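The disulfide bond annotation in TrEMBL covers CYS4-CYS22, CYS16-CYS31, CYS64-CYS79, CYS107-CYS122. Summarising the annotation, TrEMBL assigns domain 'EGF-like calcium-binding' to 150-193, 194-234. The annotation domain 'EGF-like' is assigned in TrEMBL to 158-193, 197-234, 527-573. The annotation repeat 'LDL-receptor class B' is assigned in TrEMBL to 336-378, 423-467.
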Amino acid sequence: EFSCKSGRCVAIEWLCDGEDDCGDASDEADCSTTPSTPTVCGRSEMRCGNNTSMNQCLPARWRCDGDIDCPNGEDEIGCDECKSHTCGTGLFKCQDEKKCILDAWKCDDVHDCVNGSDEVDCIRCKTGVGQSGCVNKCDFKVDCLDRSDETNCSFQGVCANSECSHTCTPTPQGFKCSCPKGKELSPDDATCQDIDYCRQRGVCSQICQSSPLSFHCSCHNGWKIAHYDVTKCVYAKKSPPPFIIFSNQRSLRYLRLNEGKRKSQFLVKGFRQVMGVDFHYNRNLIFFTEILEDRITRARIKFNEKDNSLKLTDQRVIISRGLMTPEGLAVDWIHDRIYFVEATLNQIEMATLEGTNRTVIVGEGLVNPRAIAVDPRYGYLFWTDWGVGNSRVGEGVTGRGRQGPDMEGDGWPNGLTLDYLENRVYWADAKYDIIWSAKYDGTDDITVVERVDWLTHPFGVTTFADLVIWTDWRTTVIASANKWSGENATIVELGYNPPFDVKVFHESRQPLTRTGEQSCESRAPYPCLNFTCEGLCVSVPPATDSMAIDTPLTAKCTCPQFYKLAENGYSCERIVNFLLFSHFLEIRGIRLDNSNLSAIQAISSPEVVRATRLAYDWSHDRIYWADSKTQEIKSCFVNGSDSTVVAYTERYEGVAVDWIARNIYWTDPGIDQIKVVRMSGLFAYTIFQGGQKLRSIALHPVAGVLFATDWGTKAGIIRMKLDGTGVKWILTGLGWPNGITIDF
């Protein structure tokens, strides 16, 4: 910088640029060259006169400053309308003039303003031993040795009627309130209140207690203050250490969270596409989903203290039947349950740790569910939904379904996790590349991480201590940042395959109580631990719209698919009546009393490829369907087991069951025939031919007759005996009669 004679400092590049930047033109003195004649003046310049041949451009701020700078005085013409302008910081505005001078020029015995207003309200006094001069009066700065420059000021009495609770300072504009150390002005600008040092998130890593002059940090149960930072908490038990476990399509990998050598190792490999992952810490179990195989696998996970490694044993599939695109997975470590998202069926199910007693928890209003998280201490369930125009983070209750407000948006909420220390939910949005957080009830939502190079398509997310950890598809990294501010974003692992779900395998991620205690004796608040249900018991909060975290839990019984809860509230009874339907890749049964709940497990691939016609043998609980892709008529039990091929047929329209004689009937529109075969697949036989465009078929085995629709020239309904005799058109001229059934 260049030091001006006026006391101002300006940039070196402003020297000899034709502009008075110092205010006293000292930056334009002793210039060896003369600026050449400009053809056009700059944006911060003005030209003297309108003749472009005039060799003079002046700083625009010299316009209407009270000094004639142009040879013909053009810079001071038409200035009356400009006299209301203001001056910048460090400058003084001359009264009734559009002229700014340096503050240092005020009260210096030199009239810099034309009207001398820069020398008004000045007094001469002794300012030091053997020194005297003119100083500003009543500027709240004592310049005179006898303080005479700050006495008898006209506004000194304004504090007499002030509303300041502590300190009042008079000013020319009125009074100004201020507060002592440890306090701050409240919104009324008059009353002092204690400073809440804990107001800013992340001041303490866990618990913050504010005091009048400072704050104090403490930790949750099981944690302690770090020796290197009194604001941070570390887990009291050093072993086992926290591990990051993540899926990356072909395998499960792991690495120590705080290890300097950040290179992951295989936990298990050889998958086509492994997706969701979660664990049960106290039972040493890990669970993961495979979306191409449509199955959920469980294994035992063991920590080796000698080399600080993890190892899997006893790997086995626990759910494979009736599962369609399992993605998100969550473990209830208190009641020993697993929750999983079926993306194709748009529902959330619950089951035991062995995969038994499956029941649908949320089957209503889901469009494209993805991730799931559970806090069994409060009985709360959270999930993300990518539904077009309805994307959200949903909230519900374990064992009862939807409850509480949704955190809605128009993004792609992908990964989801819970902070069990702070009772907050975190989710990653793959559309906006942002990680958000909110309290369990959806309030206090904040943006945690954004505009980070390795946050370009987040998928999984989890938390541990002060960190939020996420996976990113596009950059194939696992990264972390401060869970409150998003600061200190760091790459934890850089891989080759896109990482999917991520979890921190550590005891603190599954607290046994709301206060974080890990002793089994402290689990009394969970009523299901001492309650008997014929099906599954879940501990749930009261049925209200609020998501309170201080309410007691109650026990609630649920029943597996094929059953419903009896009136006594704990027994299960068989569902006798339900609606059976096919949807290409799946066969589903829903309850008649609640269409959002499944009555049976969905029957899907590989058994079902493209189911277009259905029949049901209620006496043997078997379903029959025609598959247009495989050109087969197939059968299985209602639970999806014992899938067999009954008949092969290139063409069919209607399929019906004779549950008394144990036969299957179907129409063949290609050759206009009705055929029959034993349920065992033996003795196929044509009982009728001569139709025109046969479609659907319905049987009445008790009466020994069947009915068929025909689109031919008669377009009606045909009745005949089950052996194909006694054919009669009972209705004609119907148009295109299609589906047909019998009201028994």
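Every residue gets a Cβ built from N, Cα and C, even glycine.
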Counts of helix, strand and coil residues, the domain 'EGF-like' (197-234), according to DSSP: 0 helix, 18 strand, 20 coil
Same-chain residues near the domain 'EGF-like' (158-193), Cβ under 8 Å, at least 6 residues beyond its ends: 138, 140, 212-214
Positions whose Cβ lies under 8 angstroms from the repeat 'LDL-receptor class B' (336-378), at least six residues beyond its ends: 276, 278, 280, 283, 285, 287, 289, 291, 296, 298, 318-319, 322-330, 384-388, 390, 394, 396, 398-402, 413-418, 420, 423, 425, 427, 440, 460, 511, 513-514, 525-526, 535-536, 538-539, 541, 549, 553, 558-561, 585-586, 588, 596-598, 601-602, 604
Which listed residue (CYS4, CYS64, CYS107) has most other Cβ within 10 Å, given these are disulfide-bonded residues: CYS107
Long-range Cβ neighbours of the domain 'EGF-like calcium-binding' (194-234) (under 8 Å; 6 or more residues past either end): 181-184, 421, 446, 465-466, 482-485, 507-508, 511, 515-518
Cα-to-Cα gap, CYS16 (disulfide bond) vs CYS122 (disulfide bond), nearest whole Å: 35
Sparsest Cβ surroundings (other CB atoms within 10 Å) among the disulfide-bonded residues CYS31, CYS122: CYS31
CYS22 (disulfide bond) to CYS31 (disulfide bond) - Cα separation in whole Å: 15
Residue distribution over DSSP helix, strand and coil in the repeat 'LDL-receptor class B' (336-378): 0 helix, 23 strand, 20 coil
Fewest Cβ neighbours within 10 Å, where candidates are the disulfide-bonded residues CYS16, CYS22: CYS16
